[in-house]
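**Student:** Swiss-Prot lists these features:
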REGION    1-23  region 'Disordered'
BINDING   Lys7, Arg10, Lys41, Pro42, Val43, Asn44, Thr45, Lys66, Arg85  substrate binding site
ACT_SITE  His12  active site, proton acceptor
COMPBIAS  14-23  compositional bias 'Polar residues'
DISULFID  Cys26-Cys84  disulfide bond
DISULFID  Cys40-Cys95  disulfide bond
DISULFID  Cys58-Cys110  disulfide bond
DISULFID  Cys65-Cys72  disulfide bond
CARBOHYD  Asn76  N-linked glycosylation site
ACT_SITE  His119  active site, proton donor
Amino acid sequence: RESPAMKFQRQHMDSGNSPGNNPNYCNQMMMRRKMTQGRCKPVNTFVHESLEDVKAVCSQKNVLCKNGRTNCYESNSTMHITDCRQTGSSKYPNCAYKTSQKEKHIIVACEGNPYVPVHFDNSV
């Protein structure tokens, strides 16, 4: 079974890669990373930084998660990310996404031992 840490990596990590100016990046990646099976995941963020740098966020600035839990952390520096948002007209099984590249601080929820990211909460 996929662990929460592995699920985070599958859904959110795309190290050393960037969409460049490929408008189909999200369509390809959401499918490749199995987020269009059974339904279209409406919103997802990919982080284009090393796994080490993203894991390190778990020891950075402690902030409140959207759901009120206290195990979220905000990155000290901005990171290169891509937001994928399902387009209004797309319907399962033909999931279609808009690709937006951003430089933002990421907020992740961490748990376990070792203490690692298990949920992407937000970007600011």
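Just so it is clear, glycine is given a Cβ too, placed from its N, Cα and C backbone atoms.
Just tell me what is around each of these and how deep it sits.
**Tutor:** Remote same-chain residues near the region 'Disordered' (1-23) are listed as 29, 33-35, 44-51, 54, 80, 82, 99, 101, 108, 111-112, 116-120 (criterion: CB distance under 8 Å, separation of at least six residues from the stretch ends).
Under 8 Å, Cβ to Cβ, and six or more positions away along its own chain, Val43 (substrate binding site) finds Asp83, Cys84, Arg85, Gln86.
Taking a C-beta cut-off of under 8 Å and a sequence gap of six or more, His12 (active site, proton acceptor) has these contacts in its own chain: Asn44, Thr45, Phe46, Val47, Val54, Pro117, Phe120. Secondary structure at His12 (active site, proton acceptor), taken from DSSP and collapsed to helix, strand or coil, is helix.
DSSP gives Cys40 (disulfide bond) a coil state; it is part of no helix or strand. Cβ neighbours within 10 Å of Cys40 (disulfide bond), excluding its own Cβ and spanning all shown chains: 20.
Sequence-distant neighbours of Cys58 (disulfide bond): residues of the same chain at least 6 apart with a C-beta under 8 Å from its C-beta are Tyr73, Val108, Cys110, Tyr115, Val116, Pro117.
Cys65 (disulfide bond) falls within neither a helix nor a strand when secondary structure is assigned with DSSP, and so counts as coil.
DSSP assigns Asn76 (N-linked glycosylation site) to coil in the three-state reduction, placing it in neither a helix nor a strand.
Counting only same-chain residues six or more apart in sequence, the Cβ atoms lying under 8 angstroms from the Cβ of His119 (active site, proton donor) belong to Pro4, Phe8, Cys65, Val108, Ala109.
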**Student:** In whole Å, how far is Cys26 (disulfide bond) from Asn76 (N-linked glycosylation site) when you measure between their Cα atoms?
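**Tutor:** Cα of Asn76 (N-linked glycosylation site) to Cα of Cys26 (disulfide bond) measures 26 Å after rounding.
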**Student:** Of all the recorded positions given, namely Cys26, Lys41, Cys95, which is spatially nearest to Cys72 (disulfide bond) at the Cα level?
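**Tutor:** Going through Cys26, Lys41, Cys95 one by one, the closest to Cys72 (disulfide bond) is Lys41.
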**Student:** Can you tell me the CA-to-CA distance separating Cys40 (disulfide bond) and Cys26 (disulfide bond), as a whole number of Å?
**Tutor:** 12
**Student:** Is it possible to get the count of other C-beta atoms within 10 angstroms of the C-beta of Asn76 (N-linked glycosylation site)?
**Tutor:** 11
**Student:** Express in Å, rounded to the nearest integer, the largest CA to CA distance found among the substrate-binding residues Lys7, Arg10, Lys41, Pro42, Val43, Asn44, Thr45, Lys66, Arg85 named in the record.
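**Tutor:** Output for substrate binders Lys7, Arg10, Lys41, Pro42, Val43, Asn44, Thr45, Lys66, Arg85: max Cα distance 22 Å.
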